[in-house]
Amino acid sequence: MLPFGDKTRDMVNAWFSERVHNIPVCKEGIRAHTESCSCSLPQSPHADNTTPGAPARKISASEFDRPLRPIVVKDSEGTVSFLSDSGKKEQMPLTSPRFDSDEGDQCSRLLELVKDISSHLDVTALCHKIFLHIHGLISADRYSLFLVCEDSSKDKFLVSRLFDVAEGSTLEEASNNCIRLEWNKGIVGHVAAFGEPLNIKDAYEDPRFNAEVDQITGYKTQSILCMPIKNHREEVVGVAQAINKKSGNGGTFTEKDEKDFAAYLAFCGIVLHNAQLYETSLLENKRNQVLLDLASLIFEEQQSLEVILKKIAATIISFMQVQKCTIFIVDEDCPDSFSRVFQMEWEEVGKSSEPLTREHDANKINYMYAQYVKNTMEPLNIPDVTKDNRFPWTNENMGHINTHCIRSLLCTPIKNGKKNKVIGVCQLVNKMEEKTGKIKAFNQNDEQFLEAFVIFCGLGIQNTQMYEAVERAMAKQMVTLEVLSYHASAAEEETRELQALAAAVVPSAQTLKITDFSFSDFELSDLETALCTIRMFTDLNLVQNFQMKHEVLCRWILSVKKNYRKNVAYHNWRHAFNTAQCMFAALKAGKIQNKLTDLETLALLIAALSHDLDHRGVNNSYIQRSEHPLAQLYCHSTMEHHHFDQCLMVLNSPGNQILSGLSIEEYKTTLKIIKQAILATDLALYIKRRGEFFELIRKNEFSFEDPLQKELFLAMLMTACDLSAITKPWPIQQRIAELVAAEFFDQGDRERKELNMEPADLMNREKKNKIPSMQVGFIDAICLQLYEALTHVSEDCLPLLDGCRKNRQKWQALADQQEKTLLNGESGQAKRD
């Protein structure tokens, strides 16, 4: 027959294997603490399922597919919080123990106890019941349960969870008395340290016995049966003690008592293990909820560093029960000092408080500790500053320390997001007992919590600093734009000259020939091009319809001209003017104005004149490859977006506001059309959208009444005007082609020199003999079908298509001639060879 203890163990194991799911045990084990516990959560099996550049997935959302409490809840006042009401516990009541001596009844009692263990996680209540069960077997006078704890220095000690449990005693009576025992001192400390049971007949004859407890309680201890409670790794997690055998064997505990005690203590081990796992998970959950609430509180404020520092200090003081919290912000320009210091005391929580500055500093020793932590980048926990001799300034400032009543101190660095730089220091002074207000040392749990909290503090502070930096940058930008707009505006003398000339006489559109699609600007001066532009605005009725002041219009035209770079061969003011002239001709001679609103006409002319503002002589591809700052501003159509921004800058500059006569809605509509029109000059967007337009024309389904189709037409019209040089008479087309080639070759030279890359044939100076064939390819791929579609919409735009076809014939002839010359050259070379 198996011994009672072995039978019990086998029976319990069998019962648990059938009814209880395995509980994963954390790697670092379970340690009971007087205030809280912490434990590393087991790693998810998905942790290694990562992809390059992606964060490691510690856990999958699918693992939470079960009925769980909501993550975000609302309290009674309706405030959103991560903290739930976890105090409500639904548990079955504990059954009362029965004290029968029969072994079969003992097994029944064990099963009854096992059921309680499986459905309850209250360590104190269950262990109290276990002791009452034990009392029925070994009949001792008193029982006590001590749990192993650790302080902030990881020094172990024992604290009573149940003390002096006696027959008839209540749970409240046994759990109210709390006694702390030193490790490896006294009988209990010895058993905890060595993990071996002790059966002592006369306590006062044992040198290990500590009579202080008897002196405190007034109780006389005689015999002691003291046994360790171990977890599954054979680590001592507690000690159970039975005192003074009440009957039989001379008042001493027998070997059978030892076996019975050990058997039932196995249940205590199970209870402690399960309950501590549960308690740890609850504490971890609550701590995470607290951190989430704190993070939410911090990130509510991102605009003012003063406000966020006040929130941080008030939250830490309230939660951690400290007398004073000081937050030091490191000076970026002078890393050895602090730029801002915010200090709050317990009495100031909830009140307005001003940050301390170094000029008003009254406690230099705080700076010394903060400077030390900043330099070492490690936390500092001093239980009693008056007894700490590690730092030379402690003794030098002892009077100062006593004056300000500095005792316990916890100082932690606040690091940036990359954890490689200290951006601040959080310093706590004098932790208080929650009930008495007595000053005590910070423990390991305080260190861990503050370490976690300053991570959120660091993010909050860094984000706020970034916001302040952005605000300063925006302020600087506004000043820069103000200066830029001043210098971007035309000179007053030039404006007055144009205004006077325009007031005297502006030739008619027929005289200036600006309604002709074959128009050439080569014989005009810059001032004459400005006069032509005034005539365009006048003949389109824009000056009259939108109450434009003559002086403002003159200044705006000259300012637009000024903001085109003179060192760019082709994409300069003359190209913008020619684009606007083609737009004017299409609107007037092409009779397209009749199909548009006044706002659309206004927007198209402004867009045509502004569509290449501040062009740098390079295309979008070069901007992207060279990693120009402009490439960081826009994800596509980089230069076109920049042209629109420059257009806005000129339009909003003082003295250039030609749209001031528009209502707010008209102004918004006009800017929207201008933006769409300027972006439409990006050939990449044209190629992307032209298929839809050509299909509408092919099916004869295009209608100006459809807003989307009309918007698409305006985009195509902008491209047609932008490329109109390809439709000019052959002499003009040749000269413009030379300008375009010069600009492209300059970009190719820069690509070869700056980017160390071989340019495309279009940009390659060494391939200039291919210009005719490339022009033919450009006309076929980009231009012909566009002008055919435009002519289908308005037959009066036929000159554009005719000019394009004629120039194609000219370029094809040159290409054929060059190919023939090349073949003849190769043939002659072959004959000579």
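We count from 1, first residue shown onward.
Quick reminder: no glycine exception, Cβ is built from N, Cα and C everywhere.
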Write down the single range among 42-61, 82-101, 342-361, 742-761 that appears in Swiss-Prot as region 'Disordered'.
82-101
Listed in Swiss-Prot for the Zn(2+) site shared with His611, Asp612, Asp722, one of His550, His575, His642
His575
Between Asp612 (Zn(2+) binding site) and Gln775 (3',5'-cyclic GMP binding site), find the distance joining the two CA atoms and give it rounded to the nearest Å.
22
Can you check which residue among the recorded positions His571, His611 has the largest number of Cβ atoms within 10 Å of its own?
His611
What same-chain residues, at least 6 away in sequence, bring their CB to under 8 Å of the CB of Gln775 (3',5'-cyclic GMP binding site)?
Ala737, Asn807, Trp811, Ala815
Asp722 (Zn(2+) binding site) to His571 (active site, proton donor), Cα to Cα, whole Å, comes out at 10
What is the Cβ neighbour count of Asp722 (Zn(2+) binding site) at a 10 Å cut-off, with all protein chains included?
24
Rounded to the nearest Å - Cα separation of His611 (Zn(2+) binding site) and His571 (active site, proton donor)
10
Note: in the chain of His575 (Zn(2+) binding site), residues six or more apart in sequence with C-beta under 8 angstroms of its C-beta are Asp612, Ala725
Per DSSP, three-state class assigned to His611 (Zn(2+) binding site):
coil
